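Q: Look at TrEMBL and you will find 36-56, 62-83, 153-174, 274-294, 314-335, 388-408, 414-433, 440-458, 464-485, 506-526, 562-579, 599-621 tagged as transmembrane segment.
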Amino acid sequence: MGTEVEVSEPLIEKIAAVNDEEEEADQPIPEWKDQITIRGLVASAIMGTLFCIITHKLNLTVGIIPSLNVAAGLLGFFLVKSWTSFLSKLGFSIKPFTRQENTVIQTCVVACYGLAFSGGFGSSLLAMDERTYQLIGADYPGNRAEDVKNPGLGWMIGFVVVVSFLGLFSLVPLRKVMILDYKLTYPSGTATAMLINSFHTNTGAELAGKQVRCLGKYLSISFFWSCFKWFFSGVGNSCGFDNFPSFGLTLFKNTFYFDFSPTYVGCGLICPHIVNCSVLLGAIISWGFLWPFISQHAGDWYPADLGSNDFKGLYGYKVFIAISLILGDGLYNLIKIITITVKEMWNRSTKDSKLPFVNDIQDTETSKLLLEQKEREIVFLKDGIPTWFAASGYVGLAAISTATIPTIFPPLKWYLVLCSYLIAPALAFCNSYGTGLTDWNLASTYGKIGLFIIASLVGTDGGVIAGLAACGVMMSIVSTAADLMQDFKTGYLTLSSAKSMFVSQLLGTAMGCVIAPLTFWMYWTAFDIGSPDGPYKAPYAVIFREMAILGIEGFSELPKHCLALCCGFFVAALVINLLRDATPTKISRFIPVPMAMAVPFYIGAYFAIDMFVGTVILFIWELVNRKDSEDYAGAVASGLICGDGIWTIPSAILSIFRVNPPVCMYFGPAVGS
């Protein structure tokens, strides 16, 4: 799932090495209807709610969302195993928990919490609200009061319902081509399948039990630490451990401090080292050098008396330079993946036409592997989803959506929605193919392309709302299509029915259409969302609205030298990416990721410190005991993230009832200094 930078965990190679002979191969494969169970759907709804809360929190604070697939797999296994063992102790006869049911739960959860990201709650939809309009400035050219639509539970649920299912129907007929013919790897889907397969072996189940206990331990620590922190956080945004000047007050003013957040430390444990180091490098470049340098030119480059959140001042540099890095990185990766896709498809067509027929006498091991592959293919193709059903589903949903969306967003005319749906399957294919090759889901990049095109076509009269709505439509379709194909790969490797995978995606999406808006609404009513001085800055709301205005107005209103700096950083993003791809792996693994560097430019350096602490812990752990770190790092990280996420619920309830923390722990300079 990245607008927001979403980072997938690396392929879990160690799990692939599990002894195949231990697998429950002799257990019959359940029918597709038996793979979807009531207990599985209940577990999916519980975990979907938790992961929606976590995704919203990350979306509304920093915008970096690590993959929670390992946590979903572990918690799904734990919940159902606990339930079945509890019932069996009471003497009830229970159906065995199979890897197919485990896969269905995983698929359902990912479909549910995926909507918290692709629905645009922290980006395109939130960019329409009045707070974001006021932040950019009522007198800012192109930023009109008419282009405001505040979040509302009714219209948000309606919007998500009419756009979220289309992506599922757009590529279903191509599942055989993508999974069997092209044999795309889908690294995260493959890693998830290996993880689930390992749970259903003797040694794997034993390790899974230890991982669950580890996850539970760190979840408890994280929850109680977040609760403890709350007591000292007082009223306002300057109290508590979140504002602890770890490196002194001077660096604290430039946002360099450790804020004791279990979530960001957990993200640091999950994300690759290079991503964490890239975030820290971006923080050092921006908050360590660039912003202090530009601040020295206040009065020359921009008026010195402007507020800290005025787009004509330093705030404008922060937002536009972050946008230029994000767009440079997104454009490069889009071109790169389209190039790889075209090249791969060309190679396959020429290879297939020239392939000679070979009839080798296979050895026993190869024959066994071929038989396993054949069994997977038979299971995968057995319960097909008819092409006519997928096509009529897409056409029917597109018709409903084309009629409905203009009533929610009047500037986005029906013919623009229809055009979006005509080209969406092609973009969904490109994104799904690219994800299969590289594990990069570029949904947000396709969304930004739609945003720019529609905003410029509609123009000043409603272009901002139309562009942002079109961005939400496009992101939803291409993201859910890629997720579905990723899940088909997982299902193929776990001998799960394609039909059960598709139905579980539909059920998970239906859950997400209710759970994602409801959990967002909890944040919206309980916290001050979008405040640049609070914890919930909603960074991508401002960035996306500004992109829509750029699509209409161009670059005329940027502060002095801002355009030159933006061009420099845009080119730098292209060059850095080119170097990452052109140099050998031993060098490229030390070259930073521009998208990750861009995030702290706007938000601040504090979360970069937290993530770097996480990466340092993991690095030392790998040096001391690599096997232990491979087995338990994901569980520790998931526990830290989930515990902090769970605390958000009581915290939100206390906030709604206006119960304030009793103590304000505040730090200032010593008296007389």
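Note that Cβ sites are derived from N, Cα and C of the backbone, with glycine treated the same way.
Note that the coordinates shown come from a computational prediction; the quantities given were computed from them, not determined experimentally.
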Q: Residues of the same chain, at least six outside the transmembrane segment (62-83), with any C-beta under 8 angstroms of its C-beta?
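A: Apart from its flanks, the transmembrane segment (62-83) reaches 1-9, 12, 39-40, 43-44, 46-47, 51, 54-55, 97, 101-102, 105-106, 109-110, 113, 117, 122, 188, 191-192, 195-196, 199, 208, 211-212, 215, 264, 266-267, 270-271, 279, 539-540, 596, 599, 603, 607, 611, 634-635, 637-638, 641-642.
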Q: Give me the stretch from 36-56, 153-174, 274-294, 414-433, 464-485 with the greatest number of Cβ pairs under 8 Å to the transmembrane segment (388-408).
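A: The stretch with the most contacts is 153-174.
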Q: For the transmembrane segment (414-433), which stretch among 153-174, 274-294, 562-579, 599-621 has the most Cβ pairs under 8 A?
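A: The listed stretch sharing the most Cβ pairs with the transmembrane segment (414-433) is 153-174.
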Q: Take the transmembrane segment (274-294) and find every residue of the same chain, 6 or more past its ends, with a Cβ under 8 Å from one of its Cβ atoms.
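A: That would be 5, 7, 64, 254-256, 268, 301, 314, 317-318, 321, 589-594, 596-601, 604-605, 607-609, 611-612, 614-615.
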Q: Using Cβ atoms only, state whether the transmembrane segment (36-56) and the transmembrane segment (440-458) have three or more pairs under 8 Å that are 6 or more apart in sequence.
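A: Since fewer than 3 Cβ pairs under 8 Å link them, the transmembrane segment (36-56) and the transmembrane segment (440-458) do not come into contact.
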Q: Other than its close neighbours in sequence, what residues sit by the transmembrane segment (440-458), given a CB gap under 8 Å and a spacing of at least six beyond its ends?
A: 1-4, 6, 118, 120, 123-124, 327, 330-331, 333-334, 337, 411-413, 416, 420, 427, 431, 434, 464, 466-475, 478-479, 482-483, 544, 547-552
